[in-house]
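Trainee: Can you keep this structure in mind? I'll have questions shortly.
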Amino acid sequence: MEKLDLAIRGGSVVLPDEVRRMDVGIRAGRIVKLGDIAADEAKEAVDARGLHVMAGMIDVHVHLNEPGLGDWEGFESGSAALAAGGCTAYLDMPLNGIPPTVTVRALERKLAAAKGRSVVDYGCWGGLVPGRLDELEPLAAAGVVGFKAFMSAPGDPSEEAFREVDDATLLEGMKRIARLGKVLALHAESEPIVARLTAEARERLRSRPGGGKFVGGEFRVGTSAADYSATRPVEAELEAVRRALRFARETGCPLHFVHISSAAAVAAIRAAKEEGMDVTLETCPHYLTLTEDDLGRLGSVAKCAPPLRSEAERDRLWEEIRAGRIDMISSDHSPCPTSMKTGDLLEAWGGISGAQSSLELMIDEGVGRRGLTLPQISRLLSSAPAKRFGLYPDKGEIAVGSHADLALVDLSAGYTLEAGDLYYRHKHSPYVGRSFSCRVAATYSRGRLVYRLGEGVFPAVAEEAAGAAGPEGAAGAGQWLRAGGRPVAAPGFRDDRAARGRSL
Ligand SMILES: NC(=O)NC(NC(N)=O)C(=O)[O-]
Ligand SMILES: [Zn+2]
Ligand SMILES: [Zn+2]
């Protein structure tokens, strides 16, 4: 019998329904054995006693900004941060690179930028934007995992940047994406509501030259956290979610709602699921661990859209998680130069740098304080994303036959996150200064050590790096996860369109 390449011994392995002490045997990048492994069975062994062994997180929502905006983030720094956070695969959004991924040519440029430079595996979203409907089919054929549309303005107003959809584009896009068998991911906030409230907030700011206003007896200059949040109320999210669900009901388009921030939106989506619609949703660690008060305290480093909400809303989202009504967790890592995170809250970049902290936050808060189990966390971070986006059974669970994509987590290694711990190109994050009760100790991608605490990120072994080095010299062995075929329908989806006589 050929020897195992690696045995990870003595860890507590997080399986779909239980946590069990066992060894994990790896050969040729896959898990080939779960159970006791003798010392001479493997070429190499890692002592994982005292650690939990989890399936690597699959982050379905990150913005790595290449090509074009590599000075914001890039495949090397972004994927290194993900690896250090226990993430072994990610799906890159069609913005904020230049050009955005809305044509096959742009996808090719993105893939060229990523090739040999990502530490872990990655897939790519294509974009649904006005005027580019005919690009959907070629993009699907080229292997995008699905399409993403913004229902509100994405923040970069420049000519060549990604544009939000109008309703006609959204409706026609859904018809076509349904025919292509892909999922449409939506940033759901109502542009009419947000644009009007933002214009009014700007007007108020201008009419207070050099001045400010009294907030709770305290004189403040500029936009407060409450002012900013009021420009993007829960109603704006709910209206967009409802409209998108209505269009999806008409067109049969599978939907995935990104970064849902309110229990009301979760409830609307749940009702659609109960109707049998093919729809899923994600929320992000920041909506579960931070509130509007943190935005007030931290400033624009914690600015995002939809905005951080109240403590009550955060607690309701945890209830939704506990009840199994939130399908998955993504980071929505939306980095930028730190200089864009200064100035007035209304004008600062909207987006949180969080890719490195998702798994630790979910364990720290979810398991440590909210009574969730590790298998529940693992479903949210790994198996649900893998199943929804066609990566299962290669990825998403610890099972014989799966890729050896693993995060080794120390549940008793408390630490305080410092800016210097971050692998992002720009070392800001609302979690700097936060104390965590656990820490990722090591990450394996297809059986290859890509991160070890205290040692750092290992982009690739020398042979793999040869010929694959990017412009900056470092190389990553992460592979492009080219999508093919139909994704798996959302849990509970009943394909009774034919029975209802609906024509697409
Ligand atoms: N242009 C962006 O990257 N926006 C992102 N920004 C956030 N979420 O604040 C997003 O996903 O909407
Ligand atoms: Zn968004
Ligand atoms: Zn995003």
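Including glycine, each Cβ sits where the backbone N, Cα and C put it.
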Trainee: What does TrEMBL list, out of Lys148, Lys175, Lys273, as binding the same Zn(2+) 2 as His187, His259?
Mentor: Lys148
Trainee: Going by the Zn(2+) 1 site in TrEMBL, where His61, His63, Lys148 are listed, which of the candidates Asp332, Asp344, Asp364, Asp394 is also part of it?
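Mentor: The candidate from Asp332, Asp344, Asp364, Asp394 that TrEMBL ties to Zn(2+) 1 along with His61, His63, Lys148 is Asp332.
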Trainee: What other residues of this chain sit with their CB within 8 A of the center of the CB atoms of Lys148, His187, His259, the recorded Zn(2+) 2 site?
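Mentor: Close Cβ neighbours, site residues excluded: His61, Met93, Phe150, Ala185, Leu186, Ala188, Phe257, Val258, Asp332.
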Trainee: State the Cα to Cα distance, in Å, between Lys148 (Zn(2+) 1 binding site) and His187 (Zn(2+) 2 binding site), rounded to an integer.
Mentor: 8
Trainee: Looking only at the domain 'Amidohydrolase-related' (53-450), report the model's average pLDDT.
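Mentor: 96, rounded to a whole number.
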Trainee: Near ligand 1, which of the binding-site residues show up if the criterion is a Cβ under 6 Å from one of its atoms? Options: His63, Lys148, His187, Asp332.
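Mentor: Among the binding-site residues listed, those whose Cβ sits under 6 Å from ligand 1 are His63, His187, Asp332.
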Trainee: I'm trying to understand the geometry here, so how far is the Cα atom of His63 (Zn(2+) 1 binding site) from the Cα atom of His187 (Zn(2+) 2 binding site), in Å to the nearest whole number?
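Mentor: Counting only the Cα atoms, the answer is 13 Å.
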Trainee: To the nearest whole angstrom, what is the C-alpha distance linking His259 (Zn(2+) 2 binding site) and His61 (Zn(2+) 1 binding site)?
Mentor: 9
Trainee: Write out, in the order they occur in the sequence, the residues of the chain not among His61, His63, Lys148, Asp332 that have a C-beta within 8 Å of the mean position of the C-beta atoms of the recorded Zn(2+) 1 site.
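Mentor: Result: Val60, Val62, Met93, Trp125, Ala185, His187, Val258, His259, Ser330, His333, Ser334.
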Trainee: Kindly point out which of the binding-site residues His61, His63, Lys148, His187 have a C-beta less than 6 Å from some atom of ligand 2.
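Mentor: Near the molecule: His187.
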